[in-house]
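Inspection log for the structure reproduced underneath, given as structure tokens.
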Amino acid sequence: MIQIHALPAFNDNYIWLLQDLSSQQCAVVDPGDAKPVLGWLTEHPDYRLTDILITHHHNDHVGGVAELKQATRARVLGPAAETIPARDVALVDHDRLTVLGLEFVVHAVPGHTLGHIAFYHEDATTPLLFSGDTLFAAGCGRLFEGTPEQMHDSLERLAKLPDSTLIYCAHEYTLSNLRFAQAVEPDNQDIAQRLAEVIRWRSENRISLPSNLALEKRTNPFLRTRETSVKEKADERSSGQNTSQSAVFASLRAWKDKF
């Protein structure tokens, strides 16, 4: 049985830890800092870190890799198109890998960075997606390297996964993302309900993740570029007609950058 835990790091990062109760092995996703992981291992001395999964090269996702590799000899898997410290396995689109007995498929999702990847585990009841900084709860990552067209295509690809897919993204940005989503769609009751719920959770110091794809399709403006209300608001912000969904996305992303 696999349990998934969020290890907080820095101001708003989550390092996801997968714990295999049967084998007493574990894996982590995007350890920007080694300390939370080493602390967990100290508290669970019977567990061995076997794998480190990396979605992209930003330091808040890879900063702890070298120290963890040295301490545990864990296997490091990350995107082939980016420079990843201590990487053992270079991954490209459609690659398959097995971690703690779970098979994951690699999805290339350029936009936030050009080589960004996501890890998807297909399951009949609870599929899993570790989306890094591509798809957030109610939002998406900034475009540091890619184009709006690339990021929109990446999000559209992820949107084709099953609605039951659990979304494990790397940051606690949900509250600010929902406030932006409400500015885009002030009459969307799903957004209003989710915002109230997340406000309550955060006031109780609870995390807002994981999300799920069905909820994202109802409340994430970056997955709703087909919606008339979203396009109209994007047109209003850009003072013109956005003639494609990627143009609507670009308008929304530019607005969010200054929100």
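The backbone N, Cα and C atoms fix where each Cβ goes, and this holds for glycine too.
According to Swiss-Prot, the protein carries these features:
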BINDING   HIS56, HIS58, HIS112, ASP133  Zn(2+) 1 binding site
BINDING   ASP60, HIS61, ASP133, HIS171  Zn(2+) 2 binding site
REGION    224-245  region 'Disordered'
COMPBIAS  224-238  compositional bias 'Basic and acidic residues'
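Features as recorded by Swiss-Prot, highlighted on the structure.
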residue: HIS56; record: Zn(2+) 1 binding site; Cβ within 10 Å: 28
residue: HIS58; record: Zn(2+) 1 binding site; Cβ within 10 Å: 20
residue: ASP60; record: Zn(2+) 2 binding site; Cβ within 10 Å: 19
residue: HIS61; record: Zn(2+) 2 binding site; Cβ within 10 Å: 26
residue: HIS112; record: Zn(2+) 1 binding site; Cβ within 10 Å: 25
residue: ASP133; record: Zn(2+) 1 binding site; Cβ within 10 Å: 26
residue: HIS171; record: Zn(2+) 2 binding site; Cβ within 10 Å: 21
Counts of helix, strand and coil residues, the region 'Disordered' (224-245), according to DSSP
12 helix, 0 strand, 10 coil
Who are the long-range neighbours of the region 'Disordered' (224-245) in its own chain, taking Cβ under 8 Å and residues 6 or more past its ends?
152, 156, 184-185, 187-188, 217, 251-252, 254-255
Determine, from DSSP, whether HIS171 (Zn(2+) 2 binding site) sits in helix, strand or coil.
strand
Do me a favour and check the Cα-Cα span between HIS61 (Zn(2+) 2 binding site) and ASP133 (Zn(2+) 1 binding site); whole Å is fine.
10
Beyond the site residues HIS56, HIS58, HIS112, ASP133: chain residues whose C-beta lies within 8 Å of the centroid, for Zn(2+) 1:
THR55, HIS57, HIS61, THR113, HIS116, GLY132, THR134, GLY141, PHE144, ALA170
Could you give the Cα-Cα distance between HIS58 (Zn(2+) 1 binding site) and HIS171 (Zn(2+) 2 binding site), in whole Å?
13
Whole-number Å value for how far ASP133 (Zn(2+) 1 binding site) lies from HIS171 (Zn(2+) 2 binding site) (Cα to Cα)
8
Please list, in sequence order, every residue of the chain apart from ASP60, HIS61, ASP133, HIS171 whose Cβ lies within 8 Å of the Cβ centroid of the Zn(2+) 2 site.
ASN13, ASP30, GLY32, HIS56, HIS58, GLY132, ALA170
Tell me the coarse DSSP state (helix, strand, coil) of HIS112 (Zn(2+) 1 binding site).
coil
How many whole Å apart are the CA atoms of HIS112 (Zn(2+) 1 binding site) and ASP60 (Zn(2+) 2 binding site)?
14
